[in-house]
Structure formats: structure tokens, C-alpha cells
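Asker: Here's a structure for you.
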Amino acid sequence: MGSKNLKKKGGRKGKSFSSNRDPFFGDESRKRRKVEDRVVDGEIESDEEEDGFFGGASDGEEEAQGAVMEEETEAEARKRIAEDYLKKYRDIARKDKEERAEDGEDSDDDDERDGQKNSLIAQKLILEQQEDSGRVRRSLASRVKQGTRGEFRLLVKHRQPVTAVALSEDDMKGFSASKDGTIMHWDVNSGKSEKYQWPSDEVMRSHGMKEPQGRARNRSKHVLALAVSSDSRYLATGGLDRHVHLWDTRTREHVQAFQGHKGPVSCLTFRQGTSELFSGSFDRSVKIWNAEDRTYMNTLFGHQGEVLTIDCLRKERVITAGRDRSMQLFKVHEESRLIFRTSAPSLESCCFVNNEEFLSGTGDGSIELWSVMRKKPVYIVRNAHALLTKDVVSEPKDNGRIPNGNLENGHHKPENHHSSSALSWVGAVTVCRNSDLVASGAGNGCVRFWAVESDRKDIQPLSDVPLVGFVNSLAFSKSAQFLVAGVGQEPRLGKWGRIREARNGIFVHPLKIS
């Protein structure tokens with residue numbers, strides 16, 4: 001042990017990582033885990049090669065890794081977390097027992113209470129495990145009241161189109177960003193908002209910011225994406241300046257600028273329950289960061305076009321959609337990926353339903369339901385946000401079946417619908433956590449609610465709520481009490497259309513659950 005410590009002191013200082021290193025996944029440990037994963041992993045494999053999935057380490061990095069102690073395995077991490085969780089509750093129970101002993105209460109009653117508490121702890125752990133695995137879902141779609149739809153109410157105004165919106169874990173605070181670089185922190189109930197102030201260039205450089213490259217002379221503050229951590233402590237933003245910016249939500253101060261992307265940062269997401277941050281970029285890569293340690297962790301490769309949107313649940317699985325008309329499911333721990341290709345002209349949005357299913361919004365106004373067990377969508381809602389050119393009542397035809405065995409709904413005659421316009425692009429799709437309730441938005445003048453039925457593998461329409469403008473971002477509250485929408489006069493990633501009568505801002509719609 002002593003020689004190992006001496007080697008560490010001589011090799012490198014501390015345990016921090018620079019943005020140019022990737023010590024977690026060295027070539028030697030990666031090869032060892034790949035052999036194990038090929039034997040253990042029984043899920044379907046992608047037709048694509050796994051080469052190039054992760055960035056390789058240099059010779060210097062391999063030498064440095066020799067000085068780093070072997071990292072904790074996933075099984076060991078689960079065991080440690082479970083033991084800490086049980087220890088916390090048992091410590092609370094022990095203190096209660098000691099207090100009752102001081103008061104002279106009966107020991108038989110204590111034993112009975114201890115048994116009840118252990119049972120409650122076990123039930124809580126089982127329920128959390130089932131929710132994380134997607135086996136337990138709340139049935140909210142059937143309980144949404146249809147007669148009291150109401151309308152969206154303007155909560156916060158922005159000067160420029162809103163590009164992203166997010167909610168804190170307790171649903172009390174919201175965060176939004178717009179094309180002019182404005183980042184706002186607002187109260188959900190009152191709508192009272194406060195702006196985040198960008199620091200000076202000198203402070204930004206001290207936080208890791210690089211100087212503008214190429215022809216650029218000034219740093220662009222145009223924000224395209226944001227995400228908030230599960231503990232609501234950190235807010236991450238990204239945009240045209242090619243950096244991932246980390247903010248402290250308690251003080252609203254800038255704390256770090258992660259460099260490494262060679263193109264605009266287009267999407268961000270935190271892994272639920274952790275400080276692990278994923279960023280997608282126009283440079284076709286996905287990078288992994290640790291917000292707590294403020295360090296770079298890894299890079300995922302695979303897309304042949306710009307990465308547009310990203311989502312992640314509790315598992316180390318990331319779903320991304322890109323300009324190459326493909327969605328890629330990265331299994332970070334297994335170091336593998338699955339590729340799903342759409343027949344639609346483009347992909348605009350995607351999100352997880354659970355660990356085994358996910359949704360995508362396309363450029364032809366359709367919504368697709370996917371399963372990790374199939375390379376084609378299991379259900380397609382055609383013309384979900386298409387523009388009607390005539391007064392037509394949509395009715396299913398031929399039981400909604402199409403030749404490849406999938407399902408679709410509505411009329412599909414060119415004279416009835418117009419889906420080539422940017423107004424019909426499904427720019428936002430979201431799922432209420434651990435439920436079957438879905439919302440989608442485009443620029444056709446409404447937000448639509450859907451019910452995802454996993455057993456039947458289909459999507460059923462619930463209701464439409466009018467909302468003028470391009471719906472660039474949507475977020476359900478965890479309690480399923482409301483839905484917030486980020487709206488702009490222009491689409492999130494460009495100026496392919498403009499709705500002058502739209503109001504740039506954050507809109508909220510209350511949900512009434514029976």
C-alpha cells in the first residue's frame with residue numbers, strides 16, 4: 001500500500017482531472033470490461049460497429065492511469081448506496097428508540113415499531129427500484145379531466161424566442177433561456193423572475209472560458225439549451241459559444257465554463273439523482289461532465305450529423321437525436337450503443353418514456369413510439385401537428401394499419417394536410433415522469449396531450465390546448481399539476497419560420513387530475 005501511495009504522489013497531484021484527459025476509461029480497462037459485457041449483456045446489439053464510440057487515450061494518459069487506483073464497479077456502488085440508505089434510516093430509528101427508553105416506554109412496543117419501520121424501509125426501496133426500472137407507472141392520462149382544459153397563461157416574458165425551459169425537483173422554481181442570452185430564474189406560483197448576470201470576460205477566463213476562435217471577435221451569449229440538476233443546486237447552459245456553463249442556483253453566480261466542444265452546444269441533460277451532466281453538440285459528439293467535481297469525464301461518438309436533442313433517466317443510458325435522421329441509445333457503462341433510424345425527413349426532438357421505450361418528434365409533424373427491442377417505430381402518429389388546409393374530420397382508415405405493421409391515425413391526403421412547413425415540426429415532446437401522460441408542441445397553434453399505452457404499444461390523443469407560437473420546449477411538473485412551455489416567434493435552432501403574433505415567453509397550463 002505504501003509503494004502505491006508513493007507512486008501516486010510521484011505520478012500526479014491529487015485526483016482532479018483536466019478537460020483534455022479521460023482517465024476513467026483507459027484502453028486496458030475498457031478491453032477487460034468489453035469481454036465481460038459481451039458475455040453478460042443479453043440485449044439486442046446494434047448493426048453498427050462500436051469502434052469510435054469512446055475517444056481513445058493517449059500514451060501519456062495510459063501511464064497516468066497506472067497510478068490511479070481501480071475504480072468502483074457498478075455493483076459495488078449500488079451496494080454502498082443501499083447500505084448508506086439503510087444506515088441513515090436505522091440511525092433515525094435508533095435515536096427514537098433511545099429517546100423512548102429514556103421516557104420509560106415498553107420494550108415490546110419498541111420491537112413492534114422496529115419491525116414496522118424495517119418493513120416500510122423495504123417497501124420504499126422496492127418501490128424506488130421498480131420506478132427506476134420503469135415497471136411501476138402512474139396512470140395519469142385516463143384521469144386528466146377533459147372538460148376543464150383551460151388555456152395557457154403567460155407567466156414570464158422574454159424579449160427573444162425562448163429556447164429551453166426546466167423545472168426544479170420540488171416544482172417551485174423554473175429556469176428558462178432565450179436567443180439573446182437571457183437566463184431567468186422564476187417562481188412558478190407568482191411568476192416573479194430574476195436574471196442571471198453574465199460575469200466579465202476576465203472572470204470567465206478564470207473559470208475556464210476560451211477565447212473566441214476563427215473569425216469571431218466577441219463571445220456569443222446565444223443560449224440553446226439548459227438543464228437543472230436533481231438537487232436543484234446546479235444549472236447548466238450551453239449555446240453558440242461552444243462552452244457548457246455551470247451556475248450555482250443558490251447565488252445565481254457563474255462557477256465553471258467547460259471547454260471541449262468544437263461546435264455549438266445544442267442540448268443538455270442531467271442524469272437523474274446524480275451530478276452527471278451530458279452535453280450534445282453540433283460537432284457530432286456527446287460529452288460527459290461531473291458538475292459536483294467540475295471535471296470532464298468522457299466523450300461519446302457515433303452520430304454522423306449534428307446532435308440536436310438528448311435525454312437521460314436514472315440509468316447510465318442516454319438517448320440522442322441528430323441531423324443524420326438517427327436516434328442513438330448510448331449504454332455508457334456497457335460501452336455500446338443502439339442505432340434507430342427514422343423514415344421521416346428529419347428528427348426534431350426525443351425523450352424517454354421509460355428505460356425500454358422512448359418517443360421522437362419529426363419534421364413531418366409525426367410522433368413515433370420506439371422500443372429498444374426493435375429498430376423500427378412500434379407506433380406512429382401521422383400528422384400529429386400538421387396544418388389542416390380544409391375542414392376535415394380525421395378518421396382512422398383500414399384500422400390504422402400500415403404495411404410495416406406499425407400504426408398511424410388520421411387522413412394523409414396532400415390536399416388535406418400540409419406538413420412540409422416549419423410550423424408542423426414537432427419541436428418539443430415530453431413525458432410526465434413515471435407516467436403515461438405525454439405532451440407535444442410545434443408551431444401549428446396548439447399543444448397536444450397524449451396517452452402512451454405500453455401494453456398495447458400505441459398512442460391515443462387526449463386533448464388540444466391553444467398556444468400561438470413555436471413551442472420550443474416543454475416540461476411537466478413532477479407532481480403532474482401543471483405543464484410549462486417555452487414559446488418563441490422563431491424555432492429554437494434557426495429562423496426557418498416566424499409567427500409575428502406570438503409572444504416570446506414562458507406559458508403555464510394547470511392540469512386537473514381526478
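Backbone N, Cα and C atoms are what each Cβ position is placed from, and that goes for glycine too.
Fair warning: this is a prediction, and the values are worked out from it, not measured in the lab.
In case it's useful when we look at the structure, here is the feature table from TrEMBL:
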{"type": "COMPBIAS", "residues": "1-15", "note": "compositional bias 'Basic residues'"}
{"type": "COMPBIAS", "residues": "27-41", "note": "compositional bias 'Basic and acidic residues'"}
{"type": "COMPBIAS", "residues": "42-52", "note": "compositional bias 'Acidic residues'"}
{"type": "COMPBIAS", "residues": "59-74", "note": "compositional bias 'Acidic residues'"}
{"type": "COMPBIAS", "residues": "101-113", "note": "compositional bias 'Acidic residues'"}
{"type": "COMPBIAS", "residues": "409-418", "note": "compositional bias 'Basic and acidic residues'"}
{"type": "REGION", "residues": "1-77", "note": "region 'Disordered'"}
{"type": "REGION", "residues": "92-116", "note": "region 'Disordered'"}
{"type": "REGION", "residues": "398-419", "note": "region 'Disordered'"}
{"type": "REPEAT", "residues": "155-196", "note": "repeat 'WD'"}
{"type": "REPEAT", "residues": "216-257", "note": "repeat 'WD'"}
{"type": "REPEAT", "residues": "258-299", "note": "repeat 'WD'"}
Asker: Determine which residues of the chain contact the repeat 'WD' (216-257) at the Cβ level, with the cut-off under 8 Å and only residues 6 or more beyond its ends counted.
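Answerer: Distal contacts: 163-170, 173, 175-183, 185, 194, 196-199, 201, 203-204, 207-210, 263-270, 272-275, 277, 279, 281, 287, 289, 291-292, 294, 492-493.
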Asker: So, by DSSP, how many helix, strand and coil residues make up the repeat 'WD' (155-196)?
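Answerer: Each residue of the repeat 'WD' (155-196) counted once, the result is 0 helix, 23 strand, 19 coil.
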Asker: Which residue counts does DSSP give the repeat 'WD' (216-257) for helix, strand and coil?
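Answerer: Computed counts for the repeat 'WD' (216-257) are 0 helix, 22 strand, 20 coil.
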Asker: By DSSP assignment, list the helix, strand and coil residue numbers for the repeat 'WD' (258-299), in that order.
Answerer: 0 helix, 23 strand, 19 coil
